[in-house]
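The structure appears right after this line, and notes come after that.
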Amino acid sequence: MQSKMPSFKALLLALFIIAVVVDQSFVEANFPKSMYINWGAHHSSFAGNGEDLQLVLDQTSGSAVKSKRSFLFGSIEMLIKLVPGNSAGTVTAYYVTSTGDKHDEIDFEFLGNVSGQPYIVHTNIYTQGNGSREQQFYLWFDPTADFHNYTIHWNPTEVVWYIDNLPIRVFRNYEKDGIAFPNKQGMRVHASLWNADNWATRGGLVKIDWNSSPFIARFRRFRARACKWDGPVSINQCATKSPSNWWTSPSFSQLSSSQMGQLNWVRQNFMIYDYCKDTKRFNGQIPPECFKQQF
């Protein structure tokens, strides 16, 4: 029995170190501690001991929050309950972005619709200021009836969008082939509710019915298990393969076979737009990443 004690102590020490490392990449979920209101202060409120956030849109203003810290790589997740009823013309956005003309950005945008019609999940990714990589989906549930988990996971190999732990989209790193990838800029987490009736519903044909306002989107349990951005030094620090940078583990470099099955199910049944198939939009010049292995 005594001969086994050193290895047991070593195991406990290793577990302690791992716990400390994970804790260092984890950002407090409390909204007031981790985020601040940057638009529409009178249309935003925190509740539930800081675990809940409410954003409001009416004719006078929308509202928005953003994280106090920037991140590079990791997992960003939020529970969201979308605007119920006639939400046409409204957009609830949840995304990460840097700043400037050459910014990087990874988006979830939820396009409202008239009562009884489904929401559209609009995803996009910007690299060095270039977007135009939209993919859109219907949802397989009512996103206004309860909270659902929306996660952005990104590492040096790929970006993955998840809904309730099901992958819906992947953008892989082909920087070696001249295709930009979001790996050199820290990004803050944003959430907002705003008037986009010039484009959001049927291309802007359906406008907001202000008689249905105020419109309310609810957010809960913000989690950022991610590498904290401390300037250019973080470019290498956050990408280095190590136990503390858990997102660099080989298990996160590509979807598993079961995740591939989930992804294919979503895309075959609920995908309604893919920029890679829109030949008219690009005059036949499809973006180069569309010819690469996507997943």
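Counting starts with 1 at the first residue shown.
Yeah, the Cβs are placed from backbone N, Cα and C, and that goes for glycine too.
Look at TrEMBL and you will find Glu105 tagged as active site, nucleophile. Feature annotation from TrEMBL assigns active site, proton donor to Glu109. TrEMBL lists 1-219 with the feature domain 'GH16'. The annotation N-linked glycosylation site is assigned in TrEMBL to Asn113. The signal peptide feature in TrEMBL is assigned to 1-29.
Looking at Asn113 (N-linked glycosylation site) and Glu105 (active site, nucleophile), their Cα atoms lie 25 Å from each other. On its own chain, Glu109 (active site, proton donor) has Val91, Thr92, Ala93, Tyr94, Tyr95, Val121, His122, Thr123, Asn124 as residues at least 6 apart in sequence with a Cβ closer than 8 Å to its own Cβ.
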